Amino acid sequence: MAEHESLEFGKADFVLLDNVSMEEFMANLKLRFEKGRIYTYIGEVVVSVNPYRAMNIYSRDTVEQYKGRELYERPPHLFAIADAAYKAMKRRNKDTCIVISGESGAGKTEASKYIMQYIAAITNPNQRAEVERVKNMLLKSNCVLEAFGNAKTNRNDNSSRFGKYMDINFDFKGDPIGGHINNYLLEKKQSRVIFQQEGERSFHSFYQLLKGGPDSLLRSLHIQKDPTAYNYIKVGGQIKSGINDSADFKAVADAMKVIGFTVDEIQTVYKILATILHLGNLTFGVDGDVTLIENTKLVSVIRELLSTKEENVEKALLYRTVATGRDVIEKQHTTQEASYGRDALAKAMYERLFCWIVGRINDIIEVKNYDARVHGKNTVIGVLDIYGFEIFQNNSFEQFCINYCNEKLQQLFIQLVLKQEQEEYQREGIPWKHIDYFNNQIIVDLVEQQHKGIFSVLDEACMNVGKVTDEVFLQGLNVKLVKHAHFTSRKLSPTDKSLEFDRDFRIRHYAGDVAYSVVGFIDKNKDTLFQDFKRLLYNSPHSSNPVLKGMWPEGKLRITEVTKRPLTAATIFKNSMISLVENLASKEPYYVRCIKPNDVKSPLLFEPERCRHQVEYLGLLENVRVRRAGFAYRQTYPRFLQRYKMISEFTWPNHDLPSDKDAVKKLLQGCKFDHDVAYGKTKVFIRTPRTLFSLEEQRAEMVKRIVVFLQKVWRGTLARMRYRRMRAALIILRAYRRYKVKSYIREVNRRFKNVRSMKDHGRHVKWPTPPKVLRKFEEAMKSIYNRWWAWTLIKGLSPEETLQVRAKVASLEALKGHRADLGLQRAWEGNYVLCFGQKRDNPDTASSFTLVSSELQRKDKFMRVLFSCNVRKINRFHKAEDRALLISDRHLYKMDPLKQYKPMKSIPLYNVTGLSVSPGKDQLVVFHTKDSRDLVVCLQRMVPANESRIGELVGTLLSHFKSEKRKLQVNITSPIQCSMNGRKCTVVVEPKINQSHPDFTKSRAGYILAVPGN
């Protein structure tokens, strides 16, 4: 049985109890709960006790511990039963299902979520994006369904108010490819929507919208954050709980987006919730004989939310349209009838909304375009999470349906686990001790039998003409079930004062006696929503929002159209239960039986009587007796042999014995297990799980050896095939590569054969396209050719022309892409103040400049003038003045043209660290110096006037600095940052229309250079 747990934690499997009795069963269950062991086996059934606290037993590490393991290899856990169901589906290609049962608050919903998470964690090892998307949607669907289908009750903060059965579809590799959800009885007629008992809340969705919805959304829906402002939910709004509605709202909204709900669909859901809240605040009054709505502003709000006309809403709330033949009559409601219709509308809207959400999720997650012939067999794991047996102080139609559902599930459990177990032993000729059990088929028949069952009597009462009351229904039960041993009422048992006359009846369920009140049975069973509301909601949305229209298809019928009587709630629920049981019976079942240890949600309290009652109605003790009396595992001889034949030399790879039965006997005798097995007519029976586990271990060891052998042979075959293909491909590749290389070399030689004699030395010749292998070679050849071509051009230049070319190259490298006009197409004179001809900037004062520059050359011993030009500069008093700029190979001189070019101040070139120019057409230059005394100038008085000399100045200085192996930093930016006498400032260029020539002005941040704007 389950291993790796010492006896201090009790028996991990109830089958190992020394004596099978209720006392020992309860003592073991209590011991394991107190020791923190919430899971225990009964053979292949998991018994789960709600711990009422977070437990660190569901992590990724725990998943890995149970992945691929046999059921009894690890301690009891939900993951073990989930893995067993998954392996049965994947190995034997069988549909399986996991039935989770127990009363409200026993932990069924959490158990189903952990099972889903485990299946998601162990599938899709290759991380296929589509499979991950499907898994994510399946997990996120739980979040959405809980928001709209769960509520806080006195027993459970997250009680499922609906039953859910989810089929998860898998492909032939065992990866999830889709699913389908069925929901059952969302508290029929949604009584929770309009009323909650003390200490309970309505559905989570209302509180999540109010507490978590952004202010803009709430304003658009005309609702406020306080739940107590709304009559339908104010009882639950006064309760303080640990539920974080704000965080849950965001999680649900994100989940809906992940699943695939559109923005318009989500908005429509919010509008329906808001409409229901507003409906609850509608009140009706009387003016004489006329019924009217007292707070008409709410009618306008509802009209806006439903996108219909205000008069249509008011008419549907106050009048009922009745068709008598061809005549149509509008009958006005009384205030009581109007209130009844309002509540019926609210309940019906929420019911349709929930069913639409389930249907929308199904549309998205259902398997589409799956062809078994192409993709392999599509197998299924079903997970059933449905309400447990309920006994309240006041039990009504909902509890009756829920308890009927549990009777059906208990019947299935009896058939599949107890009854079938005994019958199979008898069929196979295996002797065993008979176990008596309670067959609850008599209770199922009491509810669902045709013409005599309670559902049939209820439907007959609903179809009677005239006013039908709940008392009439109870009278019908008393007549038809007067002799039934499991039914009684006050009329049939006059001395039973616990039952009220004309109100109560009692059924003896397998779980105990339950008294039901017939009040509301008739209304909850039949569709009491007026057709006027259905037509209103069908015709309300615009064509761009078809969600409401899809929820109310019967609203398209005209008033005078006669329709077939709709099925009653009882009939619909009965049919769905019969269909559910048939579906579960067609699959291999696995069971999780949930137990609630106490009613106060304490992680420490174990109430023996409370748990004993649940153990009795879950039939757990009978299950233990069956397992103890029989065998833990059985399988047909061919399938057993198919799985374990590799263990024995007599059966591998095929046996030559007379029959498969003889082969199985030979195999088990060889393993020395024949003392722990029995041989039936068609199956072999193994008593203890240890024997099965040992067989699995031997099989796993042999499978490894077989797989390694097959891998060795197949890998060798693949390697030889791959080698032959690669060798042939290599020979072809080498020959083809040699051909392509030779062809390319010959073509290059042909095209460039006479480039020396060409006028442009081959610049017009187009290079042939090289093969891939020669692309780097082509780049090298082009580089060699370009260097040769450049050398042929440069070798004929004079030293002065060579210097100018180097300067232009330096300018191009520094300014290309930053400034438009670099002056590359003209000759660069350099010394523009002194030069002769049309380029001279100041022909009248050239002689003075010549004398001064000669004196400076003699004094400072510089070799040549690099650049000279008239400039507009900023002095130390922040004033603009005209100067001449002379740059030699050693100094930068500032001269006053008004004083015969008297040198004002010089800056050694080694003190210049960089230049800054703007990206525009202006002639602004900033010389940056080491001592933070930058020189800010603007070149001016050029001839011709629109000539740009910035490129020449930058290129000349860069070329000079490079020849002296010094670095000059060139910045192209606007505005320009500089330092004037150590103070940081900014120079900004601003074009002005009426500006005739460039000029500087002082600004708060530094200086502004105003340049002509035209």
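Every residue, even glycine, has its Cβ placed from backbone N, Cα and C.
The following features are taken from TrEMBL:
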type: DOMAIN; residues: 9-700; note: domain 'Myosin motor'
type: BINDING; residues: Gly102, Glu103, Ser104, Gly105, Ala106, Gly107, Lys108, Thr109; note: ATP binding site
type: REGION; residues: 577-599; note: region 'Actin-binding'
type: DOMAIN; residues: 817-1013; note: domain 'TH1'
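Within 10 Å of the C-beta of Lys108 (ATP binding site) we count 29 further C-beta atoms, all protein chains included. Cβ atoms under 8 Å from those of the region 'Actin-binding' (577-599) belong to residues 29, 33, 44-50, 52, 78, 81, 84-85, 88, 94-108, 111, 115, 155, 165, 182, 184, 380, 382, 384, 388, 404-405, 408-409, 411-413, 415-417, 448, 605-607, 610-611, 614-615, 618, 620 of the same chain, restricted to positions at least 6 beyond its ends. Residue environment of Thr109 (ATP binding site) contains 23 other Cβ atoms, counted within 10 Å of its Cβ in all protein chains.
For the recorded ATP site, residues Gly102, Glu103, Ser104, Gly105, Ala106, Gly107, Lys108, Thr109 set the reference point as the centre of their Cβ atoms, and the other residues of that chain within 8 Å of it by Cβ are Asn50, Asn156, Gly388, Cys594, Lys596. Cβ neighbour counts within 10 Å, taken over all protein chains shown, single out Gly102 as the most crowded of the binding-site residues Gly102, Gly105, Gly107. Here Ala106 (ATP binding site) comes close to Ser48, Asn50, Gly388, Cys594, Ile595, Lys596, Gln614: these same-chain residues lie at least six apart in sequence, with C-beta atoms under 8 angstroms from its C-beta. As a whole-number mean, the pLDDT of the domain 'TH1' (817-1013) in this prediction is 88. Residue with the densest Cβ environment among the binding-site residues Glu103, Ser104: Glu103, by other Cβ atoms within 10 Å.
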